[in-house]
Amino acid sequence: MKPRFAFSISATDGAARAGVIAMQRGEIRTPAFMPVGTAATVKAMRPAEVRAAGADIILGNTYHLMLRPTAERMARFGGLHKFMGWDRPILTDSGGYQVMSLSALTKQSEEGVAFKSHLDGSRHMLTPERSMEIQRLLGSDIVMAFDECPPAGVDARRAEASMERSMRWAARSRAGFDAGEEHAARSALFGIQQGSLDEKLRARSAATLIDIGFDGYAIGGLAVGEGQAAMFGVLDFAPAQLPADRPRYLMGVGKPDDLVGAVARGVDMFDCVLPTRSGRNGQAFTWDGPLNIRNAKFADDQEPLDASCGCPVCTIWSRGYLHHLVRAGEMLGAMLMTQHNIHFYQDLMQAMRDAITTGRFAAFRSDFAARYRRA
């Protein structure tokens, strides 16, 4: 019988870890990058293409799905997996970040967040209990606790108050998750560390989460405008504050060099809209750095996006053809650019897993930094 949730570390190299998360719907190799399926789709890609690119798990957005098509409707279809045709693990976020960043007229209280939908202005209330209910209706494999994510640059008092509220919501999320006994028996719940950039606040947050008890732990409150140096500053201490025998998930990150730097600091899981959003806007990620295929210099370029990439896009089509598709606004352009980017991100994760396993991660990191030119 497949386990509900089990995490094993197969190799370490410095703080970097390679391992496997085993769940009933399949294994997730770590370090792992999760393509984002905001509205029950990884934009511009079919599920089979996402899997063929190397993804073991994708992410779904509770906020977007609760508004359209609604969690209750997806439950009638048999859950998010059947609805979208993806049979492997899905992690769903709690909806807290999107509520604060996308919704108009939000009102926070100890109970939760009251908000108006950005789609039609309808009124909703999202609480830890409702977030757990929605994620249960979706049939999520990895459920995220409901938290409050303050913007970058908040003062110490606001950061502390926000962290403490998130910890109270974490306890309510735990109780709400456990109340759904049938779903809880086959899925996992992750807690989210908060505390802004403050080491002591994050230590308190981690201690509280560990006391509550979770299957995995996320590092929240980053990638909100603080910049890479500040983010890495937090990652120099935050992962070590969390249990070594549980997965560590850095939410909303990020650029390829962010991923390499975070893995070097002990992070196991990532998600970000960047590869899909960038693909739709004509930006490709390559081992030599990002390139904007819209630029006129690519019009006559007969080379692939990345000569060292083995994805279907790079083995068939030229930069010149992709330039034409994107400039002409053809749907295929967004599809092919996205497909390449998802392949590149998964190839990057595999390269890091291999480097950790063979004890050469430091050399890989140095070589990557020397070659990759950040836009």
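Note that Cβ sites are derived from N, Cα and C of the backbone, with glycine treated the same way.
On a predicted model such as this, the values are computed, not experimentally measured, just so you know.
In Swiss-Prot, the annotation region 'RNA binding' applies to 252-258, one of the ranges 119-125, 252-258. Cross-referencing G213, G216, G221 against the substrate binding annotation in Swiss-Prot, which names D93, S94, G95, G96, Y97, D147, Q194, picks out G221. Matching 106-110, 276-280 against Swiss-Prot, the residues noted as region 'RNA binding' span 276-280.
Using a 10 Å radius centred on the Cβ of G96 (substrate binding site) and all shown protein chains, the other Cβ atoms total 26. Applying DSSP to the region 'RNA binding' (252-258) sorts its residues as follows: 3 helix, 0 strand, 4 coil. Here the Cα atom of S94 (substrate binding site) is found 14 Å from that of D271 (active site, nucleophile). Summary for the binding-site residues G95, G221: the Cβ-based neighbour count within 10 Å is maximal at G221. Proximity of distant same-chain residues to the region 'RNA binding' (276-280), defined by a Cβ-Cβ separation under 8 Å and at least 6 residues beyond the stretch ends, is recorded for 35-36, 42-45, 290, 334, 337-342. Spatially, by CA atoms, the recorded positions D271, C309, C311, C314, H340 include one closest to Q194 (substrate binding site), and that is D271. Sequence-ordered, the extra residues of this chain that approach the substrate site, with Cβ no more than 8 Å from the Cβ center of D93, S94, G95, G96, Y97, D147, Q194, G221, are M144, A145, F146, E148, C149, S166, I192, G220, M251.
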